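Asks: Got a structure here, written out as structure tokens. Questions coming.
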Amino acid sequence: MHEYSLACEIFETVIETAHDNKASAVNSITLEIGMLTHANPEQLLFCLEVLSRDSIAEGAKVNVNFISPYGECDCGYRGDVGVGDGINCEDQPSLYEYAVMTCPSCGKPLQLVGGDELIVQTIDIEI
Ligand SMILES: [Zn+2]
């Protein structure tokens, strides 16, 4: 139930922010989810929906932006890993971990950095 605990964290953040701003309802929430969190977006959205029932966030629209990890090399190269071309990584985020990525400037394997974020980017509320 990885998604459930993530959804709980998101939900708490949303409710806290809504209360701090004296909101009467939450219209929409925008999330940034790193591809390496292994969260299944559908399950995550479902858990959020269940959690927000009977709260001021009930019925809020949830937008999800995915964040890709980037590659870093000993030689100082840093850039996008670019696995996404032709592959739907939203369905198969684990591809990022198994794909062999090499540094375009020196050819050594790249280290993956980032992609495990889970951020509540914006919350649109009704005052
Ligand atoms: Zn390199």
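Cβ coordinates come from backbone N, Cα and C, glycine included.
Quick paste of what TrEMBL says about this protein:
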BINDING   HIS2  Ni(2+) binding site
BINDING   CYS73, CYS75, CYS103, CYS106  Zn(2+) binding site
Asks: Compute the mean position of the Cβ atoms of CYS73, CYS75, CYS103, CYS106, which form the recorded Zn(2+) site, and then list in sequence order the other residues of that chain whose Cβ is within 8 Å of it.
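Replies: For the Zn(2+) site, the extra neighbours are ASP74, GLY76, TYR77, PRO104, SER105, GLY107, LYS108, LEU110.
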Asks: Could you work out which of the binding-site residues (CYS73, CYS106) has its C-beta surrounded by the smallest number of other C-beta atoms within 10 A?
Replies: CYS106
Asks: Reduced to three states, what secondary structure does DSSP give HIS2 (Ni(2+) binding site)?
Replies: helix
Asks: What number of additional C-beta atoms lies within 10 angstroms of the C-beta atom of CYS75 (Zn(2+) binding site)?
Replies: 11
Asks: Restricting to the same chain and to sequence separations of six or more, state which residues have a Cβ under 8 Å from that of the residue listed as 'Ni(2+) binding site'.
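Replies: The residue listed as 'Ni(2+) binding site' has long-range Cβ partners HIS38, ALA39.
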